[in-house]
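In what follows, a single structure is set out as structure tokens and then discussed.
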Amino acid sequence: MAAVILQAKGLAKAYGGLKAVDGVDFALNAGEIHALIGPNGAGKTTFVSLLSGRIAPDAGQITLAGQDVTALPAHLRVRKGIAYTFQITSIYPRLSVFDNVALAAQSQGARDLAGAVGVALGRVGMQGLAGQEAGTLSYGHQRLLELAMGLALKPKVLILDEPTQGLAAGEIDDFGALVRSLVPHTTVLMIEHNMEVVMDLAHRITVLNFGRVLAQGTPAEIRANPAVQAAYLGTDDAAA
Amino acid sequence: MKGWLFHLAVLGVLAVLAVILPAYHANNLARVLVLAVFATGYNLAFGYTGMLSLGHALFFGAGMFGAALPVTLWGWGGLPVLGTGMLAGGVVAAAVGVLALRTKGVSFMIVTLMFAQAGYLTLIYCNAVTGGDQGLVLPGAARQVLGLDLTQDGSRLWLALGIYAAALAGALGLVGSRFGRVMLAMRENEERSRMLGYDPYTVKLKVLVISGLYAGLAGAAYGVFFGYAGAGFATVQYSILPMLYSLLGGAGTALGPLIGAAVMFWLIDFASGLTNAYLMLVGVVLIVVVLFAPRGILGYVRERWLPWLP
């Protein structure tokens, strides 16, 4: 059993009467690619927002490498190694690609800023675009830039919120290869709707439904799980 | 490098003007330069970091009285009170910022305005010390700095130019630094910046204090240069002026505040010679700029011709 890098115990968050996340226990093993799936409204984004500190939980505890980070504000969790990339591309459109990545790199105290930015851009294959204004990039490149910013943070845990949304088939393949190249050095937690990508990339999968963990296991186990099929993977009666 | 040379050249032009301008305009230029120091600091908060403050009149007033009170109370000289005034602006900005930065956007604007109004009323209320409506007249003996007699137009202009040059260099250094990049990041997308590890509250507080130091220095210089400190300089119009200078000259450009201050000053000077309704003419010019160059004069120049301008 690999060491647990990020752990949540009894995590809960309610909006009014709606329990978006309802007592979730979760453990992320160091060096794995872990996918978080579930129907719309299952609480996936709320859950990773709790992990990254963007919103505060009503109850529960979060530990990063054994250290309790529940009370830490988001920016300090980022510095401790939890990076979050946004579902809706969230770059600085009026700044250059270089500045976008440099903001991430200098937050980690990079001494050689140009070097660190070059490495991060190199990993996503965007070395030649450093001088361009980020807002003028194609959508696919903006998603990659977002990823490069995440990488430049040198995170222990990289949380990707629907990273392949809106990408073309070829871009998705490149993305998959890239994510695979990150582990085991970095641990990846990704929310993803594209089942092909999930089954292809993930070592383990957690299924959320109505704010609770419905199932957890390897892709093969999840595929075979009748509860998951009913709730999500789309048997005929589930669609009704 | 190109940027530094360009700005050095601008300072060179100003120095030439200081030599050749007749007394009336030399005096005006000194005034414009001091107001440009104020606006340059305002622009760091507003143009680069995205904080729309209406509280800067208080920081300017704090600088003015931070300089004037040591003169009238303890007989201090011109150079040390420029320092105390600058410090007063920074301290008051820190105090306001700690509370006001819990809000943002329009709320921040209103909260800072309230603080500034409270500060203005305090100045009036404490009339035994501040002179209330009358203000304080500074004696000529206190208006000597580094051997320059500031009751003279010429020396006033040279010192104003020196202070502006230092203020501009400071602003250029700041916006060109790593911290300057974080300032822009706050302006462009605060939530994203938080998720890159930056605390918006502390970043903005730092910038507000720096901006307050600029306002304080400008207020102190204004008082010492022209020999008068009055509560009127802490009224809301002195918060709006640096905003207009920044918008007109180009928010988020280093030289924009100077250009805005100069254009506005001479525009009012010119228009008030034509008509009593000179503010109408000023308003028309502002509307034209907003319509055709929404990023201000220098913002337009940067967009069109000089993309490397800081």
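Note: Cβ is positioned from N, Cα and C throughout, glycine not excepted.
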Segment assigned the feature transmembrane segment in TrEMBL (from B:3-25, B:279-301): B:279-301
Cβ contacts under 8 Å made by the transmembrane segment (B:108-130) with residues that lie 6+ beyond its boundaries: 51-58, 61-62, 65, 69, 73, 92, 96, 99-101, 136, 229, 231, 234-236, 239
Stretch-level contact, the transmembrane segment (B:205-231) and the transmembrane segment (B:279-301), CB cutoff 8 A, at least 3 pairs: no
Contact call for the transmembrane segment (B:243-267) against the transmembrane segment (B:28-45), three or more Cβ pairs under 8 Å: yes
Distal contacts, the transmembrane segment (B:279-301) - CB-CB under 8 A, six or more residues away: 244, 246-253, 255-256, 259-260, 263-264, 267-268, 271, 309
